[in-house]
Each structure stands twice: as structure tokens, then as C-alpha cells.
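Undergrad: As annotated in TrEMBL:
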| type | residues | note |
| --- | --- | --- |
| DISULFID | 57-60 | disulfide bond |
| TOPO_DOM | 1-30 | topological domain 'Cytoplasmic' |
| TOPO_DOM | 48-65 | topological domain 'Periplasmic' |
| TRANSMEM | 29-50 | transmembrane segment |
| TRANSMEM | 62-80 | transmembrane segment |
| TRANSMEM | 87-107 | transmembrane segment |
| TRANSMEM | 158-180 | transmembrane segment |
């Protein structure tokens, strides 16, 4: 029987497809893929800010940090693929924190106008003038500007899309030990 044949079914399999499948299951490739996806999402966030002139709120900035952290974990895994379980747990925790931030922003966007928290000064102003704990609190709980829906695609706002991305990233990180082969 040839190397390209499947022993169970007798169906011929392409050596190229086998090598591609084998490659994408490697922790290094998965780490690079995670980093590319995260940095691509960050690039789209910067595009929305600097080209579409959408002002990011504190929760948006916190979600950007989480995307960056997840991408950084992917890069570190690409260079050190021996600790897949450690990176999986770390990635899942980071993904869950991003999902919590996106869910908080979706909650703020669903509030009636009279229940929306008061708007705070811009994040850069707060960083310059307020203590770090107040800035972090605003970034994690959100302010009135976090309730504004500035952009939608297929009836979902930006935090809706980031929630989907974080859910997928969390699921991928949690499945990593079973999916990746050293």
C-alpha cells in the first residue's frame, strides 16, 4: 500500500494535504497564526480610529490590550512550543478576560439612556491627570462613552464582534492541548 493511502478506507490522500495538515497542527504554526489574527484585529482597530475617525472608549482600549496580550502569548508559543498546556491556560484566561470586557460594553450599550454612566474625560487626558487606579477602573468598568454605538456591521457593534473573536480565541486556546501535536 502506498504512503498516500488511508489504511482504514483505502481512499488515496494527497501528500501535500497531509503535510499542510501536519504543519498547521504544530504549536509553532498555531502560535504564529494566533499572533497574526490578533495583530490583524489590532490593525483593524487602528484603521477604525485613524482612518474612520472612531474615537475608542476606555473599554475599547482595554480590549485592544487584551488582543495584544493574546498575540504576544502566541508569539512566545511560536518560539517556545514545548509548554503547550501553559500557553493554552494562559490564552484561555486572557481570552475570557477580553470576553468579559466586550460583554460589559455590550451591557452598557443595551442600557436605556438614563441608566448609562456619566461620561468621563478622554482616556489620554485621564492617563495624564488621574491616578493609575482611577484610569484602570474606568478602563475595566467603562464610562458613558462606552455605551455609544459608533459603527455596526451585520447588526453587530464593535464589542459584539470582539466578543465573538474573544469567544473563538478562548475556545481555540482551551482546545490547544488536544489539537496541537509536538
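Placed from the backbone N, Cα and C atoms, the Cβ positions cover glycine too.
Predicted automatically and left uncurated, TrEMBL annotations should be read as such.
Just so it is clear, the model here is predicted, and its values are computed rather than measured.
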Undergrad: Let me check the 10 A CB neighbour count of residue 60 (disulfide bond). How many other CB atoms are there?
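TA: Result for residue 60 (disulfide bond): 26 neighbouring Cβ atoms inside 10 Å.
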Undergrad: Does residue 57 (disulfide bond) have same-chain partners at least 6 apart in sequence with Cβ under 8 Å from its own Cβ, and which are they?
TA: 105, 123, 142, 143, 145, 146, 148
Undergrad: What same-chain residues lie close to the transmembrane segment (87-107): Cβ under 8 Å, and 6 or more beyond its ends?
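TA: Distant Cβ neighbours of the transmembrane segment (87-107) are 27, 31, 34, 57, 59-60, 62-63, 66-67, 69-70, 73-74, 76-77, 140-142, 146, 157, 159-160, 162-163, 165-167, 169-170, 172-174, 176-177.
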Undergrad: Return the average pLDDT for the topological domain 'Periplasmic' (48-65) as a whole number.
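TA: It averages 91.
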